[in-house]
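Residues or ranges marked as active site, proton donor by TrEMBL: 93, 334. The active site annotation in TrEMBL covers 240, 352. Residues or ranges marked as Ca(2+) binding site in TrEMBL: 438. Per TrEMBL, the feature compositional bias 'Basic and acidic residues' maps to 767-781. Positions annotated as compositional bias 'Polar residues' by TrEMBL: 848-862. Per TrEMBL, the feature domain 'PA' maps to 635-722. Positions annotated as region 'Disordered' by TrEMBL: 766-874.
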């Protein structure tokens, strides 16, 4: 009854304030007429000045037992609607909403006429209009491929000079692949076979163009060449109803080829895209590699399709995940990330989730889904209801509205919600005699045996051989599917009930043990952790071995003959391919520039700058120009993988720790808890240096790292030892963590500066002999620390102590741009250019040169030098400072 009241509120306001316009604008209480309102882009292509909402709502009126209103509505459509408008419309939207609406209206009209009480005057007028519209859509199919143009002019077609369309070359897969139900029904109703033939040809072409190794299709295809334009693949926007129509075409038309195609695609979807409870887009040529990290709301239809397929478990899992998102935001955002944050905040009152809720209730009989439906009703009334209808949500986070009520809201939302709660006696006909189109229009199943003009079996296409289990339970009998286990659905939902609050999809996606889902899917590279013995065992089973190289990298090698079985060997090959793709992708994405660790205490005073690797979590030093300054302290335990036992020594200091044994983020959390203001992770790989190895950035642990607020930097072993040696010699060592080296004016601003900082005479004497050996005596030698050389990128960096790194490694490192000079003597005296500066300016030095030894010697010599000399004249000091400032202004333009 509540659904009926809500429908009346929406429908009556449309009829009163908007009809004959296409849609109601519920905030301003008027109709949306195309051309009279500001253009909304592609969204307006659904509007054709043909009273869209009324046509789309026709069969909903009969489902909701409003037969008198239906009869009046049909008379209005016949009398008022003109399909011959000079207007460009979407072929896809016009097909599913208008052609589908007319055919759905015709289907229930003849049913009511047959019953003898209503529609006795009806003589197929809606079908005649549908046929007229069908002919108006046919010019769009005038392509060599058979794929339709995305738009057509209702009056002039496509190629006509006045058509204002026909120049497009691309269309979405769903746009071309969501025609068969309406076009075949039109052919079966009228006996005119051309419509079904055109729709079949388009479907055949898409099938032939699928990616043969993955059996996936892309989002966008060139209608002339058949080339994939967008090569990502999922089950949401752009592809969704293509898959839906393959299965439903089999149900409606009885053609086995459609079922075989659907099952082939479905097997690929479950193999690559399904990561329960998530459904993530992948690349069709690289299906083990995710194409994006967010999902769109249109995929909410997929659990309903899985019910029709008979695959209930993943349907329950994905639906439950979506419901948790709804409980968090009141509605399903147009797009949300894998950790369930809002990506696109709009919600145009889409019905797909209600559709899946209805199908799951039909399949399981679980009253839980009635509670879900109740939540949907309450949220609509509480947040979307306005005096003149229901308004779309502009932002689910703020609850703001948009002046929009799409026709599908009346066509689908109320239909599914009513059917969810209706008992059999509430219906005036048997809904099981019909199949729903993607717009929830009703087409009778008896069409399968009527006017069959097309061969049922397409013998020209080859189908991949699939596991027989993939064909089990197709089109299940909902009466007997779960008669003995009313707790079945709950047992699957239970592990997922807090998935959104925990924001940890990766943990859930592989929680097969807790879900009891039988055989585990293959190990994915993104989930791999080298410290996990179970993962190492799986690698061994797949014939993959880990080799630790002398330079610290890890090499993965697969020998198929060593795999436990041919299936394991195939999984191993896929794992290797994914690891390569993942490593390559990580090199391209999120590359942060290196950071600086500057020793500012006596006797260095900012002269020593160590090149440090950044972290993808914690304080972003590029946004905190002052950096973080403090004395360093070595933590206990040194690996930082458990609670710090010397917090009194670490509090308000920058913690030093060793790499290894656990994730970087775990180390950060432990030292932050102990009161540290920053952290430096020192590589445990003896002899490693940014002179010879590419610099990496520290990745997170796959979880939310927003709780880490302190800066974290990574030093290779050689650079880390400089700080450790300084601690041994001077005890109190103060450092500055920053995005780039600071000049001393900045470092010591407001502090007492010892006179000897400015006395460079002794230093010049010490360096004079070596400086004369090279020609790097340039006034702007201060730029040396900023000279950046790309040292290349290594995809995987190993864990010390024999553990490996890479994706999901206990210390996952991602590549970052690197500096060829790992240690720079940031001497502000422009006339004293030592060997370190030379090495930075002359990258021709090889790792085999004696340069690093010279550098260490020079650092030691400088640090032990006699610093107490007489003060320079003030004019000289100011001149030095001005030159320094100019040099550092130049540095601002470059990375460290």
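From the backbone N, Cα and C atoms, a Cβ is placed for every residue, glycine too.
Overlay of TrEMBL feature records on the structure.
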{"residue": "93", "record": "active site, proton donor", "Cβ neighbours (10 Å)": "24"}
{"residue": "240", "record": "active site", "Cβ neighbours (10 Å)": "25"}
{"residue": "334", "record": "active site, proton donor", "Cβ neighbours (10 Å)": "19"}
{"residue": "352", "record": "active site", "Cβ neighbours (10 Å)": "24"}
{"residue": "438", "record": "Ca(2+) binding site", "Cβ neighbours (10 Å)": "26"}
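When DSSP labels each residue, the domain 'PA' (635-722) comes out as 20 helix, 17 strand, 51 coil, counted as helix, strand and coil in that order.
Each residue contributes its Cα atom, and for residue 240 (active site) and residue 334 (active site, proton donor) those atoms are 14 Å apart. Mean predicted confidence for the domain 'PA' (635-722): the pLDDT average there is 89.
Counting in whole angstrom, residue 352 (active site) lies 12 from residue 334 (active site, proton donor) by their C-alpha atoms. Rounded to a whole number, the distance between the Cα atoms of residue 93 (active site, proton donor) and residue 334 (active site, proton donor) is 18 Å. Here the CA atom of residue 93 (active site, proton donor) lies 11 Å from the CA atom of residue 438 (Ca(2+) binding site).
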